[in-house]
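See below for the structure under consideration.
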Amino acid sequence: RKFIIANARVENCAVIYCNDGFCELCGYSRAEVMQRPCTCDFLHGPRTQRRAAAQIAQALLGAEERKVEIAFYRKDGSCFLCLVDVVPVKNEDGAVIMFILNFEVVMEKDMVGSPARDTNHRGPPTSWLTPGRAKTFRLKLPALLALTTRESSSVRPGGTGGSGAPGAVVVDVDLTPAAPSSESLALDEVSALDNHVAGPAEERRALVAPGSPPSSVPGPPHTSPRAHSLNPDASGSSCSLARTRSRESCASVRRASSADDIEAMRAGALPPPPRHASTGAMHPLRSGLLNSTSDSDLVRYRTISKIPQITLNFVDLKGDPFLASPTSDREIIAPKIKERTHNVTEKVTQVLSLGADVLPEYKLQAPRIHRWTILHYSPFKAVWDWLILLLVIYTAVFTPYSAAFLLKEPEEDAQTADCGYACQPLAVVDLIVDIMFIVDILINFRTTYVNANEEVVSHPGRIAVHYFKGWFLIDMVAAIPFDLLIFGSGSEELIGLLKTARLLRLVRVARKLDRYSEYGAAVLFLLMCTFALIAHWLACIWYAIGNMEQPDMNSRIGWLHNLGDQIGKPYNSSGLGGPSIKDKYVTALYFTFSSLTSVGFGNVSPNTNSEKIFSICVMLIGSLMYASIFGNVSAIIQRLYSGTARYHTQMLRVREFIRFHQIPNPLRQRLEEYFQHAWSYTNGIDMNAVLKGFPECLQADICLHLNRSLLQHCKPFRGATKGCLRALAMKFKTTHAPPGDTLVHAGDLLTALYFISRGSIEILRGDVVVAILGKNDIFGEPLNLYARPGKSNGDVRALTYCDLHKIHRDDLLEVLDMYPEFSDHFWSSLEITFNLRDTNMIPGSPGSTELEGGFNRQRRRKLSFRRRTDKDPEQPGEVPALGPARVGAGPSSWGRPGTPWGDSPSSGPSSPESSEDEGQGRSSSPLRLVPFSSPRPPGEPRGAETLTEDGDKSDTCNPLSGAFSGVSNIFSFWGDSRGRQYQELPRCPAPAPSLLNIPLSSPGRRPRGDVESRLDALQRQLNRLETRLSADMATVLQLLQRQMTLVPPAYSAVTTPGPGPASTSPLLPISPIPTLTLDSLSQVSQFVAFEELPPGAPELPQDGPTRRLSLPGQLGALTSQPLHRHGSDPGSAVWDWLILLLVIYTAVFTPYSAAFLLKEPEEDAQTADCGYACQPLAVVDLIVDIMFIVDILINFRTTYVNANEEVVSHPGRIAVHYFKGWFLIDMVAAIPFDLLIFGSGSEELIGLLKTARLLRLVRVARKLDRYSEYGAAVLFLLMCTFALIAHWLACIWY
């Protein structure tokens, strides 16, 4: 479909939308068609029938539907016959609000032999046009209703005309017969065809109001700044919509782009640009509808019963052949990917590969591999790894099962004796598995790997060495076929134990499956599989224990005997019979699962000591597995609901913000709706923060990918270099807008250029829709034509969900300054679909001095050293800001108002030589504080400005600029003005000082050579100072290290600072720095590179109180004390571990001996016979008591560190500190109660007193707290604590 939409309420029924099919049909861009009359007189030519044109105009005037065949001309001059279908769209009250004109090509006319061509069509024929591209346009009915109500509320009441707002001009179409007025306008074309077209004069009224200045319909718009004139023959169009008989009053057409208005200013050759016409007279019948401005009327007009459904679609039904980017343009997106030829199987390999060293895509390389060498990321290796994984899983399941259940079964033995090894299916499968494992070893010897430098190693020798140092031993042990080696020897138990060596391969599999730990579902599945596998192993062990005790047990109390009695299959006296293998395995698996998940149900219970001990171990393992699985499940669920929790938290903040500031309900609803939509679109993630976490080179590639559609399909960006596109992509910002969101308000500064990527927007002036824009449209203002940002002449509102790319004017101009060869192409190709700049709000903007001289040539702006905070001067007519003067070039400082800034002597681009001369001339002139609005006299110098030479266009700061803030007190021999010059460098870490502090007598900008020489001097002074400080510090620290070698710890040579003043060690001052002081030296010491100090030197603290080094006398006094033991000595560490083992022994055997051994008859008889020495535990307890007493003596001579982190070695202070601390606990735990109360007969009292040794566990727990940061150590300590508490409770239970 090819159609246009015109607003019936706007002057001349201007076009507010045209789809891509119409643009392709006529050859004009959307920017050239917007705001033109819907009669399409710009398509008329010599063969256009005047009668057909008059019929279209009559249909528009009469607001009636009509189909007309008419000959139109394309932009290249070719003619075609078209069927135009005029469809008026009415609101619920029957008033026409818009027209839809549909165009269907009937046939093409051959215009080769035609001598006459329309003057409107002078462009050369283009070869990329494809006639008849079918594209549709879809706009929902609520948008049309909203358009109706907005337009209805913008018309003045009454029937008299008047001057309306410039952006909201409406046209009155008289629908009833009336007497012709002398002020009425007639159509020349209709009057010329009176014999053919009959109709009253009131049906031929114009769509414009009288009194408009005479003007001709302009030709096709030219947005290029290099165009110098409009088409002088454009006024000779064959069909004009409205023209007065005196040719003195002709309505103008307001176009989307204002380039024609600007070009009409030049040289006085053309009349002044047209303005909006006055509002025409209102008909009494329509005033009731148009006067509806209240909310109730607007709601009443939103009914849809009387309006037909009209669908408009922005989506193309088939691709544009001329929009397809060439090969050079398509290479901008991910250029590195095209250099590789990976097929689909390799992509699948990267997903399925189990190798831990698979390279990421951007590091893949094509190494030179030897023959029969396999790449570790090849498809074959991926498939082989999965096959080995399946074999390992088979081994983990069937190896314990066969070792426990099958080796000693009578039927299995009889079958093996009859037909040999081949009769066992599992044995054959095991043999195949062993062969596969051996083949895997051979493959691993020829498989590449990635070394520490991320290089693919393919040399066979290096691969073999790497494999020998890694997994070779485990793989070799797991691949030994023990069944064949020991087959027939009769030692089935040995075979079963040796076959379990295959389980070692599970370690390697666990390492490879660790990559899936980031997926919640995968972790849960692996945990459940691990739980089931451990239960299977424990079931095999449980059966092995019962089977081992079954032949030697006469009491028949084992779990197998109980199982046989329960199911009616008891064992006979010879040990035969009993339950089947299936019954045994299922019962064992049931017991292990019930013990792992709970305490069991009692129907299968342990009876023998071996079974009970194993049950204890099962319950201990079960508690750990139960906690780990449910802990991970809780974490997975929490992770799943983390987004919901964040949403509710952020929503609560929004509501608290609304409540605190008492925001009214309409604005509150907008806030909540926007928050909900933004959250659904981004899930609460700051995409910009995520992007900034990557390096700049990767950011550029990502931005290039995000903006690939815009850069490929937008005409101005075609032909740009990759570097230019990367720079532009970094500057673009993506904006998402929901329906009804206002992107730009009327009167806002136009600081950016917008490119629509998806969706549709409407532009309103007041409540009148003046344009509807869609995909690939551009709106904003032509930045190259204006030195200052203008103000918007309307509101920009989203009709659907929209994605827009915007770039700020400063960013765009900065990139174009860096790529001047692309700048000319960009400005000449840029076609802004709708120009939002309001020229009426800026007096004299189109014909002002800002454009008059600057339009004749391309503007050159030097923005490389311009700060983002340096704004342009205020616009004329506004109150000037009485703030700091702007430093740099601006429109207000280039000349007087009324003088073209381009004609200023300093306006043109200057060479580096002229820049230097100019800088030298300015260096002696004073800097003046000039307000923004005050003009500068022509002869007055511009003062201190930022560097704008062509050679200084880099966007980076000077390497020394970061240090200026730290050494500003030292290098004060430069003037303040020079320091401020370098504070003007962009994006420097040092904040720019306020310009109000600049003295009026400050010198201007220094020449560039002088600046560079002073920078070199500053660099030399910094290097000299750093070298001297490093040498002095190294010397001092070497002297101190000679004394610190006597004391092991690093903090032993550090004492607290005294109350005296800081050290004032003399330092040689540097001659060019007269202001070098100790305070400034302390500042310099903050950035001295301590990495250059000698190795082993202690690191001096820079925060907090300064510590002074201990004196040699203190060190000597420290070493003069005899028999001191320091806490960091190796002997002290060994002694502490020995005491720890003794404490653990005490914690285990003291409750056991107190509960089980003291009142046993055999123990009492043995003690009565040979005395105390006959009890082994008693002897060990005596040795433990002696060791604890020795530990008390050692603690009296062990140094400690006080609260000031000083090493205390005085014996008296050590004794006082020990008496206040652990002495009482250590003394009670070291008392030998066995010897003191031996022979008294009070065994219960001895047992209770011996438990006092457990007090040492408190001290041990304090020392073991340092291992709390290691997860495995904490888990091991928790398990040991659990077992120890169970042991104590068992002793108490006894």
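Residue 1 is the first one shown; counting continues down the chain.
Cβ atoms here come from the backbone N, Cα and C positions, even for glycine.
For 1008-1035, the entry in Swiss-Prot reads coiled coil. On the 0 to 100 pLDDT scale, the model's mean across the coiled coil (1008-1035) is 84.
For 211-223, the entry in Swiss-Prot reads compositional bias 'Pro residues'.
Taken from Swiss-Prot, the feature compositional bias 'Polar residues' applies to 232-243.
The compositional bias 'Basic residues' annotation in Swiss-Prot covers 857-866.
The compositional bias 'Low complexity' annotation in Swiss-Prot covers 902-913.
Among the features that Swiss-Prot reports, domain 'PAS' is placed at 15-44, with the record citing sequence analysis.
The domain 'PAC' annotation in Swiss-Prot covers 66-118.
For 598-603, the entry in Swiss-Prot reads motif 'Selectivity filter', with the evidence type similarity to another entry. For the motif 'Selectivity filter' (598-603), the DSSP counts in helix, strand and coil order read 0 helix, 0 strand, 6 coil.
Summarising the annotation, Swiss-Prot assigns topological domain 'Cytoplasmic' to 1-377 (among others).
Feature annotation from Swiss-Prot assigns topological domain 'Cytoplasmic' to 446-469 (among others). Using DSSP to sort the residues of the topological domain 'Cytoplasmic' (446-469) gives these counts of helix, strand and coil: 10 helix, 5 strand, 9 coil.
For 516-521 (among others), the entry in Swiss-Prot reads topological domain 'Cytoplasmic'. Within the chain carrying the topological domain 'Cytoplasmic' (516-521), a Cβ under 8 angstroms from the stretch's Cβ atoms is held by residues 636, 639-640, all 6 or more beyond its ends.
The topological domain 'Cytoplasmic' annotation in Swiss-Prot covers 634-1294 (among others) and rests on a curator's inference.
Positions annotated as transmembrane segment by Swiss-Prot: 378-398 (among others).
The feature transmembrane segment is assigned by Swiss-Prot to 425-445 (among others). Nonlocal intrachain contacts for the transmembrane segment (425-445), taken as residues 6+ away from its ends with a CB within less than 8 angstroms of a stretch CB, comprise 374, 381, 384, 387-388, 391, 394-395, 398-399, 402, 406, 460, 463-464, 467, 471-472, 475-476, 478-481, 483-484, 499, 502, 505.
The transmembrane segment annotation in Swiss-Prot covers 470-490 (among others), and the record cites sequence analysis as its basis.
What Swiss-Prot records for 495-515 (among others) is transmembrane segment, and it gives sequence analysis as the kind of evidence.
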- prompt: Looking at the stretches 378-398, 495-515, 522-542, which one shares the most CB pairs under 8 Å with the transmembrane segment (613-633)?
  reply: 522-542
The topological domain 'Cytoplasmic' (516-521), counted residue by residue under DSSP: helix, strand, coil: 5 helix, 0 strand, 1 coil
Task: For the domain 'PAS' (15-44), give the DSSP counts of helix residues, strand residues and coil residues.
output: 14 helix, 5 strand, 11 coil
